[in-house]
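Copied over from TrEMBL, here are the features:
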REGION    A:1-23  region 'Disordered'
COMPBIAS  A:8-23  compositional bias 'Low complexity'
TRANSMEM  A:50-72  transmembrane segment
TRANSMEM  A:92-113  transmembrane segment
TRANSMEM  A:120-138  transmembrane segment
TRANSMEM  A:150-169  transmembrane segment
TRANSMEM  A:181-200  transmembrane segment
TRANSMEM  A:229-253  transmembrane segment
TRANSMEM  A:274-295  transmembrane segment
TRANSMEM  A:301-320  transmembrane segment
TRANSMEM  A:327-348  transmembrane segment
TRANSMEM  A:354-373  transmembrane segment
Amino acid sequence: MDAPSETAPQPARDGAAAARAIPPAHPSRRRLGRLSVGVRQHASARLQGAVLAGGLLTGLACAAAILVAAGIGPADLVQEFVVAIVTSPESAAAVLVQGAPLAIVGLAAALAFRVRFWNIGIEGQMIAGAIAATVVALHDIGPPALRLPLMLAAAALGGSAWILGPVLLRLRIGLNEIISTLLLNYVAFNALLHLLYGPWRDPENNFPNSQLYEPSEQLAELGWQNLTWALPLAGVLLLGGWWLLSISRFGFLTRIAEANPRMGEAQGLPMTRVILAATLASGALAGIAGFMICAGAEHRLTQSFASGYGFSGILIAFLARNSAPGVLAVALFVGTLFVAGQSLQVFYQIPASAVQLLQAVIVLCVAASDFFIRHRLRWLR
Amino acid sequence: MVLDFLMNWLAAIPGFVVPFALAALGLLLIEKAGVLSLGAEGFMLVGALAGIGAILGLGASPLAALLCAALAATLLSLLYAVLVVSLRVNQVIAGLSLVFLAQGLTGLIGTGAGWVNRPVDGLRPVPVPLLGDLPLIGQVVFRQDTVVYLTVPAFALVAWLLARTMVGLRLRAVGDGPDAADTAGIGVSATRYGAIAAGAALVGIAGGYLSVGIARIWVEGMTGGRGWIAIAIVIFARWRPWSALAGALLFGAIEALIPRIAAAGIQVPQYFIAMIPYLATLAVMVWTCLRGGGGSMEPRALGRAHLREDR
């Protein structure tokens with residue numbers, strides 16, 4: 001790719017050498033030709049689709065190669081990742097259960113990225129949200145009938161409170177939000193550990209997790225497999241996110257904030273407020289995702305309920321190009337990885353981090369494939 | 001009692017400074033060439049695992065293990081270089097993905113090879129003759145291991161390289177104005193590849209020092225955010241090598257203090273103490289922002305991919 005620079009003249013040691021004309025290319029190189037990289041102004045939808053598919057397939061192939069190298073037979077891979085998901089209702093339900101919070105963290109990341117705010121602190125916001133929801137649950141705040149809505153609201157508040165600091169610091173003094181949101185993950189995690197190993201430790205068995213939520217504090221089951229109301233909740237939020245990003249005036253403003261906030265400011269558009277609203281919503285969604293996992297699946301606050309979701313959210317938003325329908329599709333795909341990864345963990349002793357590796361490999365391949373959309377390669381002779 | 005506490009603390013500081021210092025130095029080298037390096041945590045993790053792996057798997061000496069750590073991080077950095085320099089992938093996405101790739105990879109290899117929680121013989125202190133017997137100074141400065149002694153010369157070397165040599169001038173030119181550097185005949189891609197490889201080697205040694213020098217054990221995710229703190233140190237230092245060393249000293253001092261707070265009988269919940277490095281990093285970043293941008297050596301083309309045909 002950097003072939004063009006190879007034909008550049010040797011770095012000048014002094015002014016006189018620099019003033020010399022560009023020497024002719026080496027004869028042998030001229031015979032072989034060289035790769036020329038040009039910028040492609042317009043890529044057809046077909047090309048984009050083909051390149052995306054190519055990147056995805058390359059990523060999946062690399063991921064499969066890694067798992068085979070880790071000692072899993074190719075036949076077992078197909079069994080775990082494809083056959084099990086398609087044929088067994090348990091696995092399909094598990095993908096949906098897993099996909100619901102993934103879609104919400106993906107949406108959270110997409111909202112923030114839409115205003116060029118790199119929210120790397122999704123896990124911290126999930127923890128803050130889940131802690132807030134657990135406060136409501138443990139202290140029995142409000143009547144039982146309203147307990148779940150209250151927990152949801154508390155989670156949303158907790159999540160946005162956790163992102164508020166980085167946003168304000170970025171807007172007021174230009175503090176790099178990548179670092180600040182990331183550091184707050186570690187702070188939130190230590191706060192969680194403090195609570196779980198201290199005041200909130202389960203009195204019944206002394207395990208470092210909170211007491212079981214009461215039935216009125218758990219998301220009820222839908223009646224098929226182990227699906228809960230987390231799924232419809234995720235559906236509603238995704239629908240809202242789609243409206244917000246693609247239909248509403250706010251979505252249009254986020255596009256300006258993404259492309260050129262200064263221009264928007266000069267036009268008298270409320271750019272600061274748009275960035276603030278989008279990022280606070282992002283934090284709120286992350287908090288809600290934390291609530292969904294705790295109230296829908298774990299039924300208590302646990303140590304590692306948020307682990308891995310932060311990166312998955314970023315990856316989902318990136319692959320989905322920050323669009324809500326895309327988030328849904330990619331979240332289900334990542335949910336499949338999670339579910340298959342869990343069974344690999346149980347049956348093949350593959351550590352949980354392998355799922356992270358697979359996601360990273362896939363996203364890197366897709367990101368790299370973008371090059372072929374944005375550039376035109378030609379072989380010059 | 002107070003003196004004992006102080007002496008223990010001061011003597012522990014250099015060891016804790018080294019990972020921050022070397023990582024920040026490596027990052028600085030990469031960023032000076034205009035490449036954002038959010039993958040620091042990943043390079044450190046790979047270095048940490050490679051160091052332990054070299055000792056457990058190959059029976060290498062601790063110093064050879066650190067070379068393996070550098071090599072492993074450099075290998076991973078070539079992947080990063082291909083992605084961000086040649087394929088021009090968004091450097092934030094590539095850097096973050098690299099961290100997660102490294103987390104997954106080290107978790108998989110560490111568990112698969114059975115290197116988890118197996119103590120190794122790490123670096124030993126090498127007292128300097130005569131100087132090591134000095135009161136106070138001797139114990140704090142001259143009874144450390146080889147890597148501690150080599151850290152300050154490494155900074156001097158990089159600072160000299162960047163400020164006084166043709167190589168450094170080209171590197172800075174590529175980081176400040178890749179288009180102009182290209183016109184002047186400097187190979188932008190080649191320079192960036194070189195900077196990434198060399199910088200990652202330093203970050204890898206920093207990671208290897210964590211596992212081989214300090215912990216003497218491999219635990220999954222053992223870097224615990226130090227790579228991110230190193231990035232913050234580079235920002236705090238405004239991309240100046242010696243200021244980065246000062247920043248590393250600050251964080252090394254904080255980290256050396258942490259295990260001593262509880263030992264000194266001060267009653268603070270341990271998880272609040274564990275938050276201190278991250279909160280301190282935030283505070284330092286806020287202070288850096290408030291101080292304003294005057295005198296910053298931030299590369300002007302940081303994070304921007306270069307393509308001649310773009311012009």
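Every residue gets a Cβ built from N, Cα and C, even glycine.
Between the transmembrane segment (A:301-320) and the transmembrane segment (A:50-72), the number of CB pairs under 8 angstroms, six or more residues apart, is fewer than three, so the stretches are not in contact.
At the 8 Å Cβ cutoff, the transmembrane segment (A:354-373) and the transmembrane segment (A:50-72) share at least 3 close pairs (sequence separation 6 or more) and count as touching. Sequence-distant contacts of the transmembrane segment (A:327-348) (same chain, at least 6 residues past either end, Cβ-Cβ under 8 Å): 67, 70-72, 76, 80-81, 84-85, 91, 94-96, 98-99, 102-103, 106-107, 110, 238, 241, 312, 315-317, 319-320, 354-355, 358-359. Cβ atoms under 8 Å from those of the transmembrane segment (A:150-169) belong to residues 117, 119, 121, 124-133, 135-137, 141-142, 175, 177, 180-181, 184, 188, 217, 275-276, 279-288, 290-291, 295 of the same chain, restricted to positions at least 6 beyond its ends. Take the transmembrane segment (A:274-295) and the stretches A:92-113, A:181-200, A:229-253: counting Cβ pairs under 8 Å, A:92-113 has the most. Below 8 angstroms of C-beta separation, residues 96-97, 99-101, 103-104, 107, 110-111, 114, 219-220, 222, 264, 269-271, 274, 277-278, 281, 285, 288, 292, 295-297, 322-325, 327-328 of the same chain, each at least six residues beyond the ends of the transmembrane segment (A:229-253), sit close to that stretch.
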